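The following features are taken from Swiss-Prot:
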MOD_RES   2  N-acetylalanine
DOMAIN    39-74  domain 'EF-hand 1'
BINDING   52, 54, 56, 58, 60, 63  Ca(2+) 1 binding site
DOMAIN    78-109  domain 'EF-hand 2'
BINDING   91, 93, 95, 97, 102  Ca(2+) 2 binding site
């Protein structure tokens, strides 16, 4: 599992179950349930690097859409509306993508 040693499998399962229905994803609730909100900056950076599929040092909209699938291959894709809300929450400089510092700030917000 990609998050072994960083996040607990049971927490991931519970967090994914809570946002199974389309339109139910709430990034703040997800970060808390999965245990990410309590993690160190180093662990948050490791998670960011996993989510940054193309290794561009940014998480773009297409990567956010598939965010949940980083936690479980069978998880659903986020809806366009959920993806846009998620991007807006994390993109503090308005460049259309989320950098590692923005990601960390969004998790701790």
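The backbone N, Cα and C atoms fix where each Cβ goes, glycine too.
Long-range Cβ contacts of the domain 'EF-hand 1' (39-74) within its own chain (Cβ-Cβ under 8 Å, at least 6 residues beyond either end) map to 2-3, 6-7, 12-13, 15-16, 19, 25, 80, 83-84, 86-87, 90, 96-100, 103-104, 107. Residue 54 (Ca(2+) 1 binding site) sits 21 Å from residue 93 (Ca(2+) 2 binding site), taking the C-alpha atoms as the reference points. Confidence across the domain 'EF-hand 1' (39-74), taken as the mean pLDDT and rounded to a whole number, stands at 97. Of the recorded residues, residue 60 (Ca(2+) 1 binding site) and residue 95 (Ca(2+) 2 binding site) place their C-alpha atoms 10 Å from one another. Within 10 Å of residue 58 (Ca(2+) 1 binding site), judged by CA to CA distance, lie the following recorded positions from the set 2, 93, 97: 97. If one looks beyond the domain 'EF-hand 2' (78-109) by at least 6 residues along the same chain, the residues whose Cβ comes under 8 Å of a Cβ in the stretch are 22-23, 25, 27-28, 31, 36-37, 39, 41, 44-45, 48, 51, 57-61, 64-68.
Long-range C-beta contacts of residue 97 (Ca(2+) 2 binding site), restricted to its own chain and to partners at least six residues apart, with a cutoff below 8 Å, comprise 58, 59, 60, 61, 87, 91. Local packing around the Cβ, expressed as the count of other Cβ atoms within 10 angstroms, is greatest for 52 among the binding-site residues 52, 60, 93, 95. Separation of the C-alpha atoms of residue 2 (N-acetylalanine) and residue 52 (Ca(2+) 1 binding site): 12 Å, rounded to the nearest whole number. Annotated pair residue 93 (Ca(2+) 2 binding site) and residue 52 (Ca(2+) 1 binding site), C-alpha to C-alpha distance, rounded: 18 Å.
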